[in-house]
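The annotation compositional bias 'Polar residues' is assigned in Swiss-Prot to 581-592. The annotation N-linked glycosylation site is assigned in Swiss-Prot to ASN90, ASN103, ASN454, ASN472 on the grounds of sequence analysis. Swiss-Prot lists 581-604 with the feature region 'Disordered'. The transmembrane segment annotation in Swiss-Prot covers 165-185, 195-215, 237-257, 286-306, 330-350, 485-505, 514-534.
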Amino acid sequence: MGYSVVAGAAGRLLFGYDSFGNVCGKRNSPVEGAPLSGQDMTLKKHVFFMNACNLEVKDRGRGPMALCVSSCPEKQLDTLEEVQLFANINGSFLCVYSLNSFNYTQSPSADRLCPRLPVPPSKPFPLFNRCIPQTPECYSLFASVLLNDADALHRILSGIMAGRDTILGLCAFVFALSLAMLFTFRFISTLLVHIIISLVILGLLFVCGVFWWLYYDYTNDLSTELDTEKENMKCMLAFAVITTVVTVVLLALIFTLRKRVKLTVELLRVTNKAISRCPFLLLQPLWTFAILVFFWVLWVAVLLSLGTAGTAQVMEGGQVEYKPLSGIRYLWWYHLIGLIWTSEFILTCQRMTVAGAMVTCYFNRNQNDPPARPILSSLSTLFCYHQGTAVKGSLLLTVTRIPRVIFMYIYSTVKERHSAWPRGEFRCSYCGLWCLTNYPYHLNQDAYAAAAINGTDFCTSAKDAHTIISKNSSHLTSVNCFGNFIIFLGKVLVVCFSVFGGLMAFNYNRALQVWAIPLLLVAFFAYLAAHSFLSVFETVLDTLFLCFAVDLETNDGSSEKPYFMDPGFLSFVKRTDHFNNARSQGHKNSLPNEEGTELRPIVR
């Protein structure tokens, strides 16, 4: 991160720069060998291309001549006299800096140092702060050369920066929607669950239909000539296929579990009753969300620095070109891994904090005298003793997700070929990797709760949790999955609304933005934000069942060894289908505990 900030120059991407190494809108330092560099461009914030209608693809290491100007010419300028008048009135000089505006009509070199006539009308656009020609024929050539000639990384970064206001607005919308979903689950009812399921079904069908409609619109648009538009079209097809598959799978699951709605509502009410013992747990996602936002802003800033890292080289005529540093342009893979790992680590710290607080509240004999400051106590334990556990757990999730990313990249290459055999192999492998990714997630959650109970390391806690859950899987797994599925539908609902808002917002500027990447960024942010808020219920639910399993192993409900569990929770589990068989198995394998009031290790 430090090297990218030092070597990069995000200002060139944010504000644009001219052909002499000057960043527009900034005070610049001189470049040795470039006499027109090092100028004060504070008042000149726009990039103007002298031959906007006659650009050619870069050759001989030189790009089109660009200048920093204070304003773009909004009307066509047909003669040098009009160019001179525009400079005198607006203070915007459209000729090379070395030529004084008084000499625009007198100097014999004016034809070479001034823009080619006629100068088309243009307007500023936030894509590198460039002056974009407004005449259709000029705009078409201008955009095709500049956008198609730029590499993929710079097109992605420019799309993010051009839509930064929209992205920030959508992030605020995601925050409000996630907060509303949090309070919806806090006061859950059968009606609310049916409403959530209905909205998820409608949202998935609507978003899926919008993706296919936009893809059809792109394929039938005869003006689709830019690489950015073609990339958007490919991404649109990928989004449409993915959303269709997800919609079909979720609809099948919803149809299968439709008769379990009443049981799920009762389970979530039990979870809310446990949360009521420690109500400040619902504020924990706010801190997590704030930390995630800070980290994501920092991550994007470093990404901008990576994309602009380069050394200034003086070319013929005193022009300056920035050559990318060898190797640093490929560090974005390393940067992407850092995004996944650090985000998972932050979310893991929240899960361990919630799990520790719930364990403290669960194993408390006197329900009328709750433990003091369980959240602060759990945070203290996390930072003092369990940082390694959080790092290992988040690393495990990251390692299992990296192969999925690699396979998606390979599949995008293989699918261009006509051989069905490699495509089928990759699809099967990807499904296997998806299952491999989801298993460690649930194993990690149980490991965090076990670490909070026993104070053991990650590997020992994961082994103990797996053992105790396996003994009680007949009733724990079947009941737990229903609640987690409804919580997952809440996350899907947040993503659907945010993606729909992004589609409506980004589609307006689709010709000049690689807006498929910002849309994917918004969807990723929406899922992580919703996951940050709603994972409180998941963590409480998983921790409750693990504590319940430990309670069954160490106590038998007698007066000598009473249960720690709430009577309402025990009554709920008894009403599940498989509880009686699991109950007898639990007594058979119960561990001795002389007093029944001291928590012993999960596995002996």
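The backbone N, Cα and C atoms fix where each Cβ goes, glycine too.
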Among 165-185, 195-215, 237-257, 485-505, the most Cβ pairs under 8 Å with the transmembrane segment (286-306) come from 165-185
Maximum Cβ pairs under 8 Å to the transmembrane segment (485-505) among 165-185, 195-215, 237-257 is reached by 195-215
Cβ neighbour count (10 Å, all chains) around ASN454 (N-linked glycosylation site) is 19
